[in-house]
Amino acid sequence: MQLMEYTQLALFLGLLALMSPVLGRFIGRAVLRGEQTWMHSVLGPVERLIYRASGIRPEARQSWRQYAASLCAFSAAGFLMTFGVLMLQDKLPLNPQGFPGLSWHLAFNTAVSFLTNTNWQSYAGESTVSHFSQMVGLAYHNFVSAAAGLAVAVAVMRGLASQESKTIGNFWADLVRSVLYVLLPISLVLAVVLVGQGVVQTMSAGTEVATLEGGRQFIAMGPTASQVAIKMLGTNGGGFFNANAAHPLENPTALSNLLQMLAIFIIPSSLVFTLGGAVSNRRHAWTVWFVMACLFMVGACSLYRAETLGTPLLTEVAQAPVTNMEGKEVRFGIFGSAMFATVTTDASCGAVNAMHDSLTPLGGLVTLVNMQMGEVIFGGVGSGLYGMVLFILLTVFLAGLMVGRTPDYLGKRIEGREVTLAMLALIIAATPPLLFSAVAAVSGWGQAALNNAGAHGFSEILYAYTSGVQNNGSAFAGLNANSPAWNVTIALAMLIGRFGIMLPMLGVAGSMASRKARPIGEFSFPVSGFTFGLLLTLVIVIVGALTYLPALALGPVVEHFQMLDGLLH
């Protein structure tokens, strides 16, 4: 890496470290505790109007089971609405292109995808989905799916901070506050800034232009900036255009690229400090944040190194070192593309400014491992925080076993119930990618979708199901996944990955809330400092990533050795 690359990395992490504690404190006041903020003079009446119109009593507290039931009911209603909009879009307004309704399996996959904050897209947005579907069906879920994740994270924090309580908050109040005070204001500001950078925002279908070759070309357009802002901020990732953030009308400049990367990480990063404030332990928050930052830097530097080395076959033909610029935009270069790929797979975002299918085998391996570690390297909005809490509980439990102490976290004993729920969440998350990948690899419908045979074809299958279950949404685009079998199985993976972790973590929150915290003494395992950070990192890598090692050995690892032998370029 050169000085310019080091400077860009330091600038990105520096801005993130400066902004995150500030936003984290604000989220703690506005969402976690429901206190008055400077926004309440404007948005407070709107919040109260929503409560009155929908019959919500924000002061009513819910047990973890009631909280989970509200979450599931809200998600089911959102799915039905979006499924109907997509199926009937030819009969709905704001469809200047005259797009027909989606097939049942594509509508099912897409509705589940946006409901679960995955935004996996088996279609090209600008040629398949109307403006109405984009704004009402999809952009709506960009807000509420992120808000649901944020609400669950806040509920988990309450569970850790409360003592001898049977409740963990009110899902409906947490949802409304997350949208009104966090997602909506930041998205509005970011959308305006992106328009200033050249991202389009129009209700027209597009325009026809004369090309340099003398021909005519239709340029698709639409309400892009408003959707890009929330798709990044909410770690959704689904692009208005098929090329996603590589499209010049969606991500035109280096500054827009930096802003979009910051938008992806800012809320997950801030929630770490919200947790620190909730449990009155800011050193713990900084330790967890540095673990996330270190894992991010290792991934970004590894991916950058893999792409700058290129491939031996092309180097031999060129008689000079050739970097891997395939699938990348010149305006971003290798470092800007490697950074974005690392950010988007560390968070459960899935937006791309370069084609991940064109990465070198080791570059693709980095993106896969980022997701397979559980999307806890900052992670998605809310999901990154409660996923990290899962690994923290396991770390403290294992540390207690090693030294013969009763494991406790923040003064509360960790018992069999919490460990069982945590391991259940890990097993639920690991099973669908391995099981569905095995089935697809030997099935006719699975093999028919591949444009690449051998190790890379298997990597495409493994990436698709890993992306689905980790609610990421990015893809190795050589896979033709728009078929009934693919759409249904990936949708099932997305549902399992979303609720198979959310619900056990709500159970953990309810269990921890009922406990009384003991004073933290000299025999308590410290949850800050180098030792804890190192143990947490090892648990994330060993328990998270090594689960998939045999599958990775059959995909990107084999492909890397084939590349070194000159069998691949």
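Backbone N, Cα and C define each Cβ position, glycine as well.
Quick look at what Swiss-Prot annotates:
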- 3-23: transmembrane segment (TRANSMEM)
- 68-88: transmembrane segment (TRANSMEM)
- 136-156: transmembrane segment (TRANSMEM)
- 179-199: transmembrane segment (TRANSMEM)
- 259-279: transmembrane segment (TRANSMEM)
- 284-304: transmembrane segment (TRANSMEM)
- 384-404: transmembrane segment (TRANSMEM)
- 422-442: transmembrane segment (TRANSMEM)
- 490-510: transmembrane segment (TRANSMEM)
- 534-554: transmembrane segment (TRANSMEM)
When only pairs 6 or more apart in sequence are counted, do the transmembrane segment (3-23) and the transmembrane segment (259-279) reach 3 or more Cβ pairs under 8 Å?
yes
Taking residues 6+ outside the transmembrane segment (284-304), which of them lie with a CB under 8 Å of any CB in it?
1, 5, 9, 13, 16-17, 20, 24, 269, 272-273, 275-277, 334-335, 338-339, 341-343, 345-346, 359, 362-363, 366-367, 369-370, 373, 376-378, 388, 392, 410, 527-529, 532-533, 536-537, 540
With an 8 Å cut-off on Cβ pairs and a sequence gap of 6 or more, do the transmembrane segment (534-554) and the transmembrane segment (68-88) reach 3 or more such pairs?
no
Would the transmembrane segment (490-510) count as touching the transmembrane segment (259-279), if touching means at least three Cβ pairs under 8 Å and pairs must be 6 or more apart in sequence?
no
What residues elsewhere in the chain lie close to the transmembrane segment (136-156), defined as a C-beta under 8 angstroms and at least 6 residues from its ends?
27, 31-32, 64, 67, 71, 74-75, 78, 81-82, 85-86, 89, 110-111, 114-117, 119, 129, 168-169, 171, 174-175, 178-179, 182-184, 187, 226-227, 230-231, 233-236, 238, 267, 271, 274, 380-383, 385-386, 389, 502, 505-506, 508-509
Of the stretches 68-88, 259-279, 422-442, which racks up the most C-beta pairs under 8 Å with the transmembrane segment (384-404)?
259-279
Counting only residues 6 or more past its boundaries, what in the same chain has a CB within less than 8 Å of a CB in the transmembrane segment (259-279)?
12, 15-16, 19-25, 27-28, 32, 146, 150, 153-154, 157-158, 160-161, 182, 186, 190, 193-194, 197, 228-229, 232-235, 245, 251, 285-286, 288-289, 292, 339-340, 343-344, 346-347, 349, 351, 378-382, 384-385, 388-389, 410
